[in-house]
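Here's what TrEMBL has on this protein:
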- 1-20: region 'Disordered' (REGION)
- 28-51: transmembrane segment (TRANSMEM)
- 94-113: transmembrane segment (TRANSMEM)
- 120-140: transmembrane segment (TRANSMEM)
- 170-190: transmembrane segment (TRANSMEM)
- 197-216: transmembrane segment (TRANSMEM)
- 248-271: transmembrane segment (TRANSMEM)
- 283-302: transmembrane segment (TRANSMEM)
- 314-333: transmembrane segment (TRANSMEM)
- 345-364: transmembrane segment (TRANSMEM)
- 384-408: transmembrane segment (TRANSMEM)
Amino acid sequence: MVSSSEAIRERVRRKGGGGNGSEGMRKLLLGLGFLVQGFRCFPWMAVNFFLKDGLKVDPSTLQILQCSANLPMVAKPFYGILSDSFYIFGQHRVPYIAFGAFLQAVSWIAIFLSPSNISFFTITLYLLLGNLGASVVEVANDAMVAELGKPPSSSSKNSPNSSSGQVQSFVWIAASVGGVLGNLAGGIAIDRFSPQVMFLMFGILLSIQFLVTIFIHESSLDLPKSPSDRGIKTQLSELLVALRKPEIYYSILWFAASYAMIPALTGTMFYYQTEHLGIESSVLGISKVFGQAAMLLWGIIYNKNLKSMSPRKLISAIQATMAVFMFSDFLFVKGVYRMFGIPDSLYVVLFSGLLEVLYFFKILPFNVLMAQLCPPGCEGSVMAFLMSALAMAVIISGYLGVVLSSFVQVRANDFSGLGHALLIQAVCTLLPIYCSSCIPDGVKVKTKPKEG
């Protein structure tokens, strides 16, 4: 039986995290981690222009690289099991964050030091190494968020979600701020510096993250305690048990499928906007800033007003909104908005950036739901499996987009079939809504009977 003092400590940890010191250190570590994660759009904007203008690759090749670079993300369950199972110097989250930041710093600085005529194969290897480091960092960060975001077992009926979602909203806002800063700085820097200099800037930022992380000891974070003697077999067994739960299995399956079945046209739209319409890089940067600002606002609105809403209804509504915006892109490509006097650059700023981030609006409420469903002790493994499924879905989506672009015969100098591709994309986006019953309406928190 849990003692009253232990229950009080648990309640205090949920409210404030064991004192202002530990709460501040957690916010520093997680805030910096997700800020840098959001700022990754800064070097990737440079990568897109470097490949297009420097290496002269076509839209399909650009999109294939964008998708293939995410392959290390697919192995996230393995990193999650390692993080859950093996402690390094008595710590099982912070050392992985430091190691991942180090790998990323090495990757981007290596690209900076490479000659300007670097081969496509070599830059692909460096980007894979960078995403390997990013995936390790994300797994450790997501595991900590899941651990800190679980609802107390003794919550009352009136406030079952009183603390649930606050940590997720905080890191979501941090990542959004990083995205805003990254896109704003990227849109300005791409016209003033070479892509290689931008790679160096991001490498320096990652080096700072690495130095900050190695000086933080996990004991100062007051994280929930879990057994440190678990092996990989035990952790894998617990992960499989968790994934056999219908509410977890079907939710993840639906979530991944809702991304995988939508053909992504990001590379094609990038070339359409820059080559065909002549949109300046600064406008694209402002567009992405507008989108990231929308993500930031979404995190605030969700935390204040939407946490109590049914996850199924909220995620389905986001899915339908995505389809509406894709149909709007079809009207844009067909010149309908131009007929009403709306400049192409204004549409790109207001709608293109917003559509790009709408893809990720589902992640926040879904992460909150999964943190509530996740069994204690394997948060890292389950959340890593979820992110792995998402990464694989995004890769499949990107490859389907290349196939669709080829099918409608979209090329670097011929975008006549782009409208048909956007219509097909919108229809594919609506299909998952019909199976949204796979998502639970919420998590019922069991209350302990009062002792007489």
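Glycine is no exception: its Cβ is also placed from the backbone N, Cα and C atoms.
For the transmembrane segment (283-302), the residues of the chain that approach it from at least six positions outside its boundaries are 38, 41, 45, 165, 169, 172-173, 175-177, 179-180, 182-184, 186-188, 190, 273-274, 345, 348-350, 352-357, 360-361, 364-365, judged by C-beta separation under 8 angstroms. Panel annotation: around the transmembrane segment (345-364), residues 168-169, 172, 179, 255, 258-259, 266, 269, 273, 277, 279-280, 283-284, 286-292, 294-295, 298-299, 302, 315, 318-319, 321-322, 325-326, 328-329, 332, 337, 390 of the same chain, lying at least six beyond its termini, place a Cβ under 8 Å from a Cβ of the stretch. For the transmembrane segment (120-140), the partner stretch with the most Cβ pairs below 8 Å, chosen from 170-190, 197-216, 248-271, 314-333, 384-408, is 384-408. Beyond the transmembrane segment (314-333), the same-chain residues lying 6 or more positions past its ends with a Cβ under 8 Å from any Cβ of the stretch are 258, 262, 269, 272, 306, 344, 347, 351-352, 354-355, 358-359, 361-362, 365-366, 415, 418-419, 422-423, 425-427, 429-430, 432-433, 436, 439.
Here the transmembrane segment (248-271) does not touch the transmembrane segment (197-216). Their Cβ atoms form fewer than 3 pairs under 8 Å, with each pair 6 or more residues apart.
Residues 25, 28-29, 32-33, 36, 39-40, 42-43, 45-46, 94, 97-98, 101-102, 104-105, 107-109, 111-112, 186, 189-190 of the same chain lie 6+ residues outside the transmembrane segment (197-216) yet bring a C-beta within less than 8 angstroms of a C-beta in it.
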